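Note sheet for the following structure.
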Amino acid sequence: MAPWPPKGLVPAMLWGLSLFLNLPGPIWLQPSPPPQSSPPPQPHPCHTCRGLVDSFNKGLERTIRDNFGGGNTAWEEENLSKYKDSETRLVEVLEGVCSKSDFECHRLLELSEELVESWWFHKQQEAPDLFQWLCSDSLKLCCPAGTFGPSCLPCPGGTERPCGGYGQCEGEGTRGGSGHCDCQAGYGGEACGQCGLGYFEAERNASHLVCSACFGPCARCSGPEESNCLQCKKGWALHHLKCVDIDECGTEGANCGADQFCVNTEGSYECRDCAKACLGCMGAGPGRCKKCSPGYQQVGSKCLDVDECETEVCPGENKQCENTEGGYRCICAEGYKQMEGICVKEQIPESAGFFSEMTEDELVVLQQMFFGIIICALATLAAKGDLVFTAIFIGAVAAMTGYWLSERSDRVLEGFIKGR
């Protein structure tokens, strides 16, 4: 790691220049690497195989369309019979089956290319469905529709209408999954053949079931009206065929903390925090306190803040009291600041000059740089033959020489005295 810059103007300038010339630059200026994102989920092998077959079938359509259709029917029929099942066509189709970025498709095609060739030349007459022959029967990656799992078991509800047509059989068509039915809203049961909680049978026949919603708080009902409730949801009680809200705040059902109060809601309740002034409360605000918190006092029916600053609570010179909600704090008076537990008068700092932090050696270097620039400029003008600038140049050189000699003699004398 590069060192931090030294103090002082000139050393800092030289440090920055050295960093600029000594590449690469300081490492803290390099951008941090982007956060690592989790890899996307891999598709089920059956889905990859289905995609490969779908792309293969599209390739068959494309090759027929691209190679024939010129209008000469007799010529097309003669040549189509040769091209239809040719190796040339197979190669053309396979070249476009997988996109460049679909790694899973390329991997599966590499593993199954010999099987595809076998089907193309020997099996497609007896097994025209490539998906069934390749993905289900040969590779055993997929199952027929309405079945699931390693043994291709029927989904609940049967293979014709898995999950009764009102849900999704988990793993259907693949060699995985549990076969569990994920039912649509309003439907339930093992094969989604019943109405779920909060719904009733509006219509049913041998092949059709319609489930409609009960009235809001009803868990079970015989119809859509409030009076059709048979059982109520949690937080409600059945009373004269209607569901009535239970006030949990008036029962032991509410479980709020010591510094909270209960608020009843439809079918439930909420616990809300007491006011800061309260130690326990029966409702919102400082007027519903059971007891007052420290720093508060009972005034009428409310717990109000005690102004501790009315008494002498901040001993010490130049201190003053500041009242806060439920307490107070001692601060230094204006024009004073805290230092080691006492308040001392603030010293207004003198305004620092531009060169106030530079050392004597740094000032000498800066002066020499400045005079050097001036002399170079004057020398350039004097070289053009201007007598005025020539005189100024000679005078500046003489002045600089005298100044430098006097400064050097003072330093030599000072060093001699100090024994350097």
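Glycine too: its Cβ is placed from the backbone N, Cα and C atoms.
The record in Swiss-Prot pairs Cys155 in a disulfide bond with Cys169, which is drawn from Cys135, Cys169, Cys181, Cys183. Looking at 46-49, 50-53, 138-141, 382-385, the range tied to motif 'CXXC' in Swiss-Prot is 46-49. Checking the candidates Cys271, Cys281 against Swiss-Prot, the cysteine paired with Cys278 through a disulfide bond is Cys281. For Cys314, the disulfide partner recorded in Swiss-Prot among Cys292, Cys330, Cys332 is Cys330. For Cys192, the partner cysteine in a disulfide bond according to Swiss-Prot, taken from Cys183, Cys211, is Cys183. The Cβ of Cys343 (disulfide bond) lies under 8 Å from the Cβ of Gly316, Glu317, Asn318, Lys319, Cys332, Ala333, Tyr336, Lys337, each on the same chain and at least six residues away in sequence. Tertiary neighbourhood of the domain 'EGF-like 1' (153-193): same-chain residues 44, 46-47, 140-147, 199, 207, 209, 211-213, selected by CB-CB distance under 8 Å and a gap of 6+ residues from either end. Most other Cβ atoms within 10 A: among the disulfide-bonded residues Cys49, Cys155, Cys183, Cys321, that distinction falls to Cys155. Most Cβ neighbours within 10 Å among the disulfide-bonded residues Cys314, Cys332: this distinction goes to Cys332.
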